[in-house]
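Asks: Following this message is one structure expressed as structure tokens.
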Amino acid sequence: MRPTLPIPNAFLLIARFGPLRWLWAVLCGLLLLSGWSAAATTPPGPEKPLTVSARQEEVLILPPNYSVLEDPGGRMTLTDVQLGVNAARFVAGSSISTNMQHPGAAYWLRLTVQAHGPQPQHWYLELYDSHLSDVVFFPDATDPASAVHTGADQSFLSRPYSYKNFLLRLPLRADQTQTYYLRLQANSKTSFLARLRTEQGLVERFQQEYGLLGGFYGILLIMVVYNLCLYFFTHEQTYLRYVLYVLSCSLVFLSEDGLGFQYLWPDHPWFNQLVIISSAPLLLLTFSYYARHFLDAPQRLPHYDPWVRNVVLLSAAALLLDALWWQSDLSFWLYLLPYGMLFVAALRVWRGGFRPARFFLLSHTLVVVSVGFLILRKLGIDTFTNTFTVYSMNAAFVLEVVILSYALGEKIKGIQDATLRAQQRLVKQLRKKHEVQEQLVEQLRQNDELKDQLNTELEGLVAQRTEELRQQGETIAAQNRELLQANGLLALQSAAIEKLNGDLQRDLQKAQAARVLAQEVDFGEFSQIYPDKDTCLSYLADLKWAQGYHCRKCGHDNFCEGREPHSRRCTRCRYVESATAYTLLQKCKFPIVKAFYAVFLLHTHKGNYPAQELSRVLDLRRATCWSFSQKVLEAMRRQAAEATEDDSWTDLLLDDTAADADEAGEEDVAAAPVLARKVETWAGKAKTSEKKVG
């Protein structure tokens, strides 16, 4: 694009219709040549000069007031852009986009400022976007050494003035027009919005802006501390999630307005870039983390909530990748989709009857409006660019945290009200129960009164009857001695009868016990008492070691469980003794339950039970039954001398002589006569008991 010189339309009309058209053609040619010579020394730009005067305190730099030259490689110097070819490539800001379309490329801005009259105050150029990675300002277009170099990629101390935005001083002279050059680079699509301010305007701006920001961060800090204290007192997770959300909001604003870089990490520009990249995804995650829990989305929207959670996670990851590598224009949609889904979730929950959701919708709407202003400002649209719109997002977030805090309080209050209503219902139930108890107590009191009344009447009747007896006693005084003697005899007879009744009762109990022990039951009923081998072994072990355990090898008293069921192992000599060892059932080859029943039958029938019948009942071979019955009979013969009427069939189980006889091969048959006499004694006592009972 070559520089051109505008020619007045009047010259063209005169040259076309006047008689001296050749003379005018020569004059126009001279004028054109002078224009080209002037362009060779100081090339005029397509931008309009920006006029400032002492009466102004600030001037907004509009797109027509500056021109832009894009340097994709970023290798051009001030001398290169002032050359005729490159100088002609400057394009007016009104004819191109108002933001940097290619992150990483260098953009040269040329600004022409015309001062009217004396300037008692210095003028400063303020760049609104504090995320410019590299800023080089040339206050003197003829001296590259006068450049001021700063940017977000450098330490905050590199800035000429300690201010959150980039502030550059313009050396203006009275009634002169000066051209300034700016070389800008950014890692994202930032705008060219800037403003000229005087010293007085800057002071007022500083006081107003920093005061508002201080109040803004103070409110956020108060909300964080307040809700953190509520969390520690109530242990409600929603307060902690709210605190995380407010902290992420603070981080976003600290990175957006530059106060974090100015006060918190001024010597760490890499950390500032990290905060800028990660604050937005972190805000999205914490907001969804809080909003879903506040709205009870997992319980109220069980099918919709997993979609929201997955979209939020994918959007946060995509935002991070877009900020690091892609550098695309999708970030707006990556924000819009999850926030829109959360807004829809809040709307559905509110329509479902959850009243605190209306505060969430209100605060969300305010934030959406402020974000709209931010997007317009990022796109370079200055239609609504003023102090209110610039800080509308701060105000919206302040209102949001306050409204959400109130909504959270209303939610907790709703929970408390529900709990209180439940407690009131419980109190009513307890009150009704107490009334019933009072009625019961009153009924008991009335019953006691009625009982006392009946006792009183009975005592009166007794007293009346006593008086009658006394009167009758006077009439039978002569027979009193006979009655006393009869009473004495009756008392003696009563004592004798009581003694006889006691003896009869004891005999009856013994007879009943004998009948129970002598009662014959079938194998099915017997199996209900001793159903399996483990039960029989357990009973036999308890019977065998009822007096305590003593090792048969070393006499030690301590034992532990053996490998076999209900066996015992000596802890000293390691000798293992089973439950059947040294008993009648030692070396028994058929089931122990049947052996128990065989002993019971033989004991009940006093040994007179045929082996053939025993074989049929137990379903065993006749030889086996005969052999075992002989073994039981031998045990009964050995115990016949000490046998009593109360002996049980279980006493035969502990007969260990049979085991010794099996080992030694000897038999003891000397007790047969004694057994016969004992059997006769048992039979006689049983008949006597049956007669007494009859």
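Positions of Cβ are set from backbone N, Cα and C atoms, glycine also.
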Asks: What range among 357-376, 477-496 does TrEMBL describe as transmembrane segment?
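Replies: Spelled out, TrEMBL records transmembrane segment over residues 357-376, not the other listed ranges.
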Asks: Between 10-30, 388-408, I'd like to know which one TrEMBL lists as transmembrane segment.
Replies: 388-408
Asks: Can you name the far-off residues of the same chain, 6+ from the ends of the transmembrane segment (270-295), with a Cβ under 8 Å from a Cβ of it?
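Replies: Answer is 131, 152-153, 187, 237-238, 241-242, 244-245, 247-249, 251-252, 254-255, 260-261, 301, 305, 308-309, 312-313, 315-317, 319-320, 323-324, 331, 335, 338-339, 342, 345-346, 349, 354, 356-357, 360, 404, 407-408, 411.
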Asks: Using DSSP, how many residues in the domain '7TM-DISM receptor extracellular' (66-195) fall into helix, strand and coil?
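Replies: Within the domain '7TM-DISM receptor extracellular' (66-195) the tally stands at 18 helix, 50 strand, 62 coil.
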